[in-house]
Amino acid sequence: MNRRTDADSWDPASSVGATATMVAASRARASRGPDALLDDRLAEPLVRAVGLQPLVRMIDGDTAVDDPPSSPRSLNEQIAVRTRYFDDFFTAAGAGGIRQAVILASGLDTRAYRLNWPSGMTVYEIDQPQVIEFKTRTLAEFGALPCPDHRPIGIDLREDWPSALRQRGFDAGQPTAWIAEGLLVYLPPEAQDRLFDNIAELSTPGSQVATEHFPDPNGFSGPRAQRLSERWRRMGLDLDMAELIYHGDRNTVIDYLADHGWRVRARTFEEMHAHNGFEPPDDEMMALFGGMSYVTGIRK
């Protein structure tokens, strides 16, 4: 795997795109069985269409690797917590009267298709052109229908995506709900700031944003993350988090939002597990994600 560059691109089977497919595979696993933790019936056909066989075997339960991060309980619960958090964010925003939603770096996210959006909601999705084209085409072939006003936009978030958003009819004068899920570590530090500056510029008072805070994103290149990458390689998947993320000091998202006109609330990884009725995560999962917080901001 090659290290990231400022002009790199990907599809759902390569680089950062493959991590989105891995997350979709985890959602597919968590959506199975009588005690399913999620209800994402579109994740599995997307993963199968991408065709990365290690991830197809993962959703089929045909993996023999048994280090702690691959534990079905810990992995499925972590994905369920994360997915439910952002699902609930959009549901609450819609119930509160917001009628514009923007999913940044949407990957194989299926919320435009599976959430019960209120009447009049416009849902925008932004991601790499190859990712957007693959997902919309595959789900159309599968017979899945998005919400009535679904506007996917194929553009790199390092480019002038605000102009592309406006060109598709986005109204900066109306409150908007934004999510940046599983995104920030894949942006250079300065691009993270620019992302939130653009969101702020496009957000009227009452708009909301949800994202994640990692106190030390560089921890993804530590020994435990290296063991996780080794596990993926044994599965046949050439993914190395140390090569995919951007390193270096970056502003703390909680403080940055608070300093730029947002009222911020953060809930810890452990708190959200308890909120969803799960036992505390195991030690290996805590080592990777334990310092993480789920963050919501409301524009003042």
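Start at 1 and count along the chain as shown; that gives each residue its number.
Using N, Cα and C of the backbone, Cβ positions are placed for all residues, glycine too.
Per Swiss-Prot, S-adenosyl-L-methionine binding site is recorded for Asp127, Asp156, Leu157. Taken residue by residue with DSSP, Asp127 (S-adenosyl-L-methionine binding site) is part of a strand. Its Cβ taken as reference, Asp127 (S-adenosyl-L-methionine binding site) is surrounded by 30 other Cβ atoms within 10 Å in the chains shown.
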Other same-chain residues whose Cβ falls within 8 Å of the Cβ centroid of Asp127, Asp156, Leu157, the recorded S-adenosyl-L-methionine site, in sequence order: Leu104, Ala105, Ile126, Gln128, Ile155, Arg158, Glu159, Trp161
Neighbour count (Cβ, 10 Å) for Leu157 (S-adenosyl-L-methionine binding site): 18
Neighbourhood of Asp156 (S-adenosyl-L-methionine binding site), C-beta criterion under 8 angstroms, separation at least six: Ser9, Gln128
